[in-house]
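Asker: To start, I am sharing the structure in question, which I have written as structure tokens.
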Amino acid sequence: MDTDKRHPMELAVYAFVAVGLLVGLAAAIVDVHWFEQVYAVEDGPIEWATAIALLVGAGVAAVTARRPGAGKPGLHRLTWIGLTLLCFFAAGEEISWGQRLLGIQSPEFFQSHNAQHETNLHNLVVGSVKVNKLVFSQLFTVAAALFLLVLPWAYRRRAAFARLVDAWAVPVPRVRQVIAVVATFAFIALVPSRERDELLEFGATWLFAMILLFPLNAAAIRGPAARPGEAAAPAGEPGARASADRR
């Protein structure tokens, strides 16, 4: 039984993502040129919405890193500082570190080795290997599967693993968050455009920000007062194992 009340902010983000995806699908069906050249274009609304989601995630992670948490302080800070840097780096990469916004020309190296001649790493081409395809497609898919499917499953069923996860303050996705991300992946297949991955990035980044803000093991990460009215975890148990049936 899901006894956890959905926070209005989380529900608002779900609605925002749903609207963004539906508008994208409708646009791609009605006028694919408009979708690709306006809606999902570089520095367009979807790309900036994605960058903002990553900055929100970085902000959430930075604030969480400053809090003492309920586990080991050193491990807690290490995990959340790492998440802060990850989100900030991804946001910078998404907008090519503001290069187009500021009108800065790419250095010669990126002119020669970047598929889009931009100052970022994810579009680099090393020999015949496209970094974007290797890291941000193949490796990302594996990492997402581990994070969304394996991590929550093992956390709920293996007490020793749950204690390790809570000690490191690793955020565990709730069932509803996993469903939302998987639904986003499935939805993208309906979009008849080569730029549909922009919609995937938009949806996935906002949902990831919600996982950081409202993880299953919030009490283990932020302490027993993580959510208004949320009871403290029993002594000796991982922070969220006491509420393992929550979604």
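Any Cβ shown, glycine's included, is placed from N, Cα and C.
Pasting the feature list from TrEMBL:
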- 228-247: region 'Disordered' (REGION)
- 12-34: transmembrane segment (TRANSMEM)
- 46-63: transmembrane segment (TRANSMEM)
- 75-92: transmembrane segment (TRANSMEM)
- 134-155: transmembrane segment (TRANSMEM)
- 175-193: transmembrane segment (TRANSMEM)
- 199-220: transmembrane segment (TRANSMEM)
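For the listed features, I'd like the structural context: burial, neighbours, distances.
Answerer: Long-range contacts of the transmembrane segment (134-155) within the same chain, counting only residues at least 6 positions beyond its ends with a Cβ under 8 Å from a Cβ of the stretch, are 122, 161-162, 165, 170, 172-175, 178, 181-182, 204, 216-217, 240, 244.
Listed by sequence, the residues of this chain that lie at least six past the ends of the transmembrane segment (199-220) yet keep a Cβ under 8 A from its Cβ atoms are 7, 9-10, 13-14, 16-17, 20-21, 24-25, 40, 46, 49-50, 53-54, 56-57, 60-61, 64, 69-71, 83, 90, 94, 144, 152, 155, 162, 165-166, 169-174, 177, 180-181, 184-185, 187-188, 191, 226-227, 230, 232-233, 238-240, 242-243, 246.
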Asker: Which bits of the chain, at least 6 residues beyond where the transmembrane segment (175-193) starts or stops, bring a Cβ under 8 A of a Cβ in it?
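Answerer: Non-local partners: 2, 6, 14, 17, 21, 24-25, 28-29, 32, 35-36, 40, 144, 148-149, 152, 199-200, 203-204, 207-208, 210-211, 214, 247.
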